[in-house]
Amino acid sequence: MATNTTITTNASGDSFTVLNGSSSSQNTSTGNKQRCGSCTEEIRSDQLSIQCTANGEGCQRFFHQECSGLLLESFRSIIAEPRAEWVCSDCLCR
């Protein structure tokens with residue numbers, strides 16, 4: 001059985017649900033599908049993903065774990081810590 005944990009991941013108070021280590025937006029009422037900021041493919045609920053938050057100044061795009069450049073162990077460490085933030089390479093280079 002999967003365990004859901006709701007956490008706040010950015011300064012604007014957006015909440016995301018972590019399900020078996022994957023992060024997906026709870027903004028499903030609009031029917032919007034999240035697309036990977038790198039490969040532009042849809043991020044399915046069964047895929048690991050992470051959002052660029054950068055102290056609330058990030059692009060807010062989601063990335064597949066594979067596209068983020070993070071090793072699985074590092075990825076899991078970041079999403080396990082509610083206060084942790086991740087910055088994509090585009091925002092890091094700004």
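In case you wondered, yes, glycine gets a Cβ from its N, Cα and C as well.
TrEMBL does not curate its annotations; it predicts them automatically.
TrEMBL lists 1-19 with the feature compositional bias 'Polar residues'. As annotated by TrEMBL, region 'Disordered' applies to 1-34. For 20-32, the entry in TrEMBL reads compositional bias 'Low complexity'. TrEMBL lists 33-94 with the feature domain 'PHD-type'.
Model confidence over the domain 'PHD-type' (33-94) is summarised by a mean pLDDT of 92. Break the domain 'PHD-type' (33-94) down by DSSP state and the numbers are 20 helix, 11 strand, 31 coil.
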